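Structure provided below as structure tokens; questions to follow.
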Amino acid sequence: MARKLGILGGSGLYEIEGLQGAAWTEVETPWGKPSDAFFTGSLNGLDLVFLPRHGSGHVHAPGDVPYRANIDAMKRLGVTDILSISACGSFREEMAPGDFVAIDQFIDRTVGRPSSFFGSGCVAHVSMAHPTCPRLARAAVAAAREAGATVHEGGTYLAMEGPQFSSLAESRMYRESWGADIIGMTNMPEAKLAREAEICFLTLAMVTDYDSWHPDHGSVDIREILATLAANAGHAKGTVAAMPGLLDHETPCPHGCDRALEHAIMTKPAARDPALLAKLSAVAGRVLEA
Ligand SMILES: CSC[C@H]1O[C@H](OP(=O)(O)O)[C@H](O)[C@@H]1O
Ligand SMILES: Nc1ncnc2[nH]cnc12
């Protein structure tokens, strides 16, 4: 089966260029309206779907992004792989502003965001031990390098609630005691929801600042972030452009991302809530309707 790449564009990435047969598509979901219409088309033979997670004009705050609607809609559009390109702070000297980091772990400190498609009436527990897809990571790392970026392979992303940035004490704690490498506000619950929807997922963090811990840099400031984003927009766009030649089309996913629900649903068929099952038709239809 040919793969279809979904791109979630973060701060500073509200459009992509060069799609053949490009069109904007509105998608209805049982979880509400997605962040925006989806920009669909193909790029050198690869079907691609782009969504600016904050909406065009940056209208959705990190805590209010309609994460479930976004991932459900990607599933409805046939997306098999999601590359999330996100602006992030760094807790590591060597992960410098302008660099990219292919994330392989998360610490979720978000609160009050709906973080699952499942719940009372259909309970499911998927594994998040390895939350990102190594096959997709290999392609994205190679693509970003081809685009000229410095790329670090592996890193732990701390997802904070925001929208305020961290205090100095929090910044030090995440870095020194918790071992986080990168900080951002959006990739949780996105990564959890992609796993529940059986979509391969990778966060490509674009480092924009040293948060507030670095003795030689001031506290993180939005002007610094925007300047770094503007300087690196070419790397982000170049990464997307290089993906078609690098994403392998092996199916099923050798890491099991596309079978995450295989043994995850606990609720017995007779006890399942029909209303919730109807909402789950896109993300879990493969296992619920088998
Ligand atoms: C623009 S600074 C804070 C903002 O940037 C990041 O967004 P995204 O992950 O969508 O690129 C961060 O998570 C905050 O939402
Ligand atoms: N330092 C930081 N903290 C949280 N989110 C960010 N996005 C970009 N830089 C950030």
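Yeah, the Cβs are placed from backbone N, Cα and C, and that goes for glycine too.
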Look at the phosphate binding annotation in TrEMBL, where R53, H54, S86, A87, T186 are given, and name the residue from S11, S127 listed for that site too.
S11
Sequence gap of 6 or more, C-beta under 8 Å: which same-chain residues meet both conditions with respect to R53 (phosphate binding site)?
L8, G9, G10, S35, H60, V65, N70, S84, T186, E190
For D211 (substrate binding site), which of the listed recorded positions (S11, H54, S86, A87, S166) have their CA atom within 10 A of its CA?
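Matched recorded positions: S166, sequence order.
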Within 10 Å of A87 (phosphate binding site), Cα to Cα, which of the recorded positions S166, D209, Y210, I222 are there?
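Correct set: D209.
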Please work out the number of neighbouring Cβ atoms within 10 Å of the Cβ of H54 (phosphate binding site), leaving out its own Cβ.
23
